[in-house]
Amino acid sequence: MKFHLISLGCPKNTVDSEDVVATLTRQGLTWVGTPEQADLVLLNTCGFIRDAKEESLRHVFQLLELKKARPRLRVAVFGCLVQRYQEELRREIPEIDHLFTFFDKTSLSALVKGLARRAGGVRPETPARRFLTPNHVGFLKIAEGCSNRCSYCTIPDIRGPFRPRPLDEVLRDAEVLVRTGARELSIMAQDTAGYGVPTRNKELLLELVRKVGEFPTVHWIRLHYLHPRHLDFPFLDALFSLPKVVPYFDIPFQHVSDRLLALMNRAVTKRQIIDLLRHIRGTFKRSVVRTTFIVGFPGESEEEFEELIDFIEDHPIDRLGAFPYSHEEGTPAARLRPRIRAAEKSRRLDQLMTAQQLLSFDRNNKKIGKIDEILIDKADASGLVGRTYGDAFEVDNAVHVPYDATVQPGDFIKVRFTGADAYDLEAERVL
Ligand code: SF4
């Protein structure tokens, strides 16, 4: 039996999807590259905010269209959207053949067993490649769920409380990623820096990262989603001084107004954010800071929004993602008033991103003439595409380099930057 999987949402979802793909291939099913070639298509959904829910539903309906033309096709939908709206989906879209939450392992294993019987048996070995991410990029999920209860966020309800995965289990996953070619490991969870918090042993994350760094072929370790509430300076310094950890500080701030930070239940203040940034800039000379901001949170005044704009001018952020506040039923923030109109949220988003674009353009231009190492993600006749240590896979800036037949995805090469725009750079190889 041939199957395909579409993975939506965040990289943590991608890890779950890779897990499902590995399970199915181990059970004897064959991966194919498009839904059109498949007998079974699985869709791993995202249900985090309104846009994500709409995108998930769009994909469901596209697959059901495909099924109309090919009635034997089976469609399985799982993940966050199902976790949140299982009953509604079952009732409203009965054409979906299989519906299960990812956490509902019983449904998955029943489905897999049934399919494996039809596919002719189990192949016990670990798959030699990954299907949803290039082999040189490894996403390593170290925990499930979140207990921070930011007032706007549905994740603690969808994914449950924070549960760190045992260290030996994480290391086994890291070993599989390395065996399938990972040169960069991106360590992630909803609350990565909180890994040791439930056992009151923050050192545990240091131990994990140190051990992951011992794989000789791993060259970069990237830490994602570090909640600022866990980042005291000694811990931060110890973490980012470990071998192979790149100075890429992915720390979501969400806002800088003290009033809004408190309403968001972020457990940090503007002063703490500024001190943290100053400490990072002073201690790690090559630091690259990524953060996210939410605009249009209920009651966000024009002054509070301007505070964000002033902040990025006074404390430059290297990589910024911004989102309009999404009203999610069941969250404490959904009860707050006044709500900001959609048109106003878009205006604020545009204004913030335009300000950031100008800053980013300036910063990129200053790189011209400088030399750096990049990791190649793509190599074909149209050229090479790579990233610096300051750029996460499929999230941040790309570096474009003329084609070179001796370079493959997963290679690290040295380049000199020759051109820049706000988000991407051009470069030539230097030997
Ligand atoms: S840290 Fe806050 S925003 Fe992030 S998943 Fe947890 S509750 Fe949601």
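Note that Cβ sites are derived from N, Cα and C of the backbone, with glycine treated the same way.
Listed features, source TrEMBL:
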type	residues	note
DOMAIN	1-117	domain 'MTTase N-terminal'
BINDING	Cys10, Cys46, Cys80	[4Fe-4S] cluster 1 binding site
DOMAIN	132-362	domain 'Radical SAM core'
BINDING	Cys146, Cys150, Cys153	[4Fe-4S] cluster 2 binding site
DOMAIN	365-431	domain 'TRAM'
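Projection of TrEMBL feature records onto the structure.
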{"residue": "Cys10", "record": "[4Fe-4S] cluster 1 binding site", "CB count, 10 Å": "18"}
{"residue": "Cys46", "record": "[4Fe-4S] cluster 1 binding site", "CB count, 10 Å": "21"}
{"residue": "Cys80", "record": "[4Fe-4S] cluster 1 binding site", "CB count, 10 Å": "27"}
{"residue": "Cys146", "record": "[4Fe-4S] cluster 2 binding site", "CB count, 10 Å": "23"}
{"residue": "Cys150", "record": "[4Fe-4S] cluster 2 binding site", "CB count, 10 Å": "20"}
{"residue": "Cys153", "record": "[4Fe-4S] cluster 2 binding site", "CB count, 10 Å": "23"}
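Filtering Cys10, Cys46, Cys80, Cys146 by Cβ distance to ligand 1 (under 6 A) retains the following binding-site residues: Cys146. Cα-Cα distance from Cys150 ([4Fe-4S] cluster 2 binding site) to Cys46 ([4Fe-4S] cluster 1 binding site): 18 Å (rounded to the nearest whole number).
Each residue of the domain 'TRAM' (365-431) gets a DSSP state, and the totals for helix, strand and coil are 1 helix, 32 strand, 34 coil. Distance between Cα atoms for Cys146 ([4Fe-4S] cluster 2 binding site) and Cys46 ([4Fe-4S] cluster 1 binding site): 16 Å, as a whole number.
Taking the mean position of the Cβ atoms of Cys10, Cys46, Cys80 as the [4Fe-4S] cluster 1 site, the remaining residues of that chain whose Cβ falls within 8 Å of it are Leu8, Gly9, Lys12, Asn13, Thr45, Gly47, Phe48, Ala52, Gly79, Leu81. Taking the Cα atom of each, Cys153 ([4Fe-4S] cluster 2 binding site) and Cys80 ([4Fe-4S] cluster 1 binding site) are about 13 angstrom apart. With DSSP states grouped into helix (H, G, I), strand (E, B) and coil, the domain 'MTTase N-terminal' (1-117) comes out at 65 helix, 23 strand, 29 coil. In three-state terms derived from DSSP, Cys146 ([4Fe-4S] cluster 2 binding site) belongs to neither a helical nor a strand segment and is classed as coil. The average pLDDT computed over the domain 'Radical SAM core' (132-362) stands at 96.
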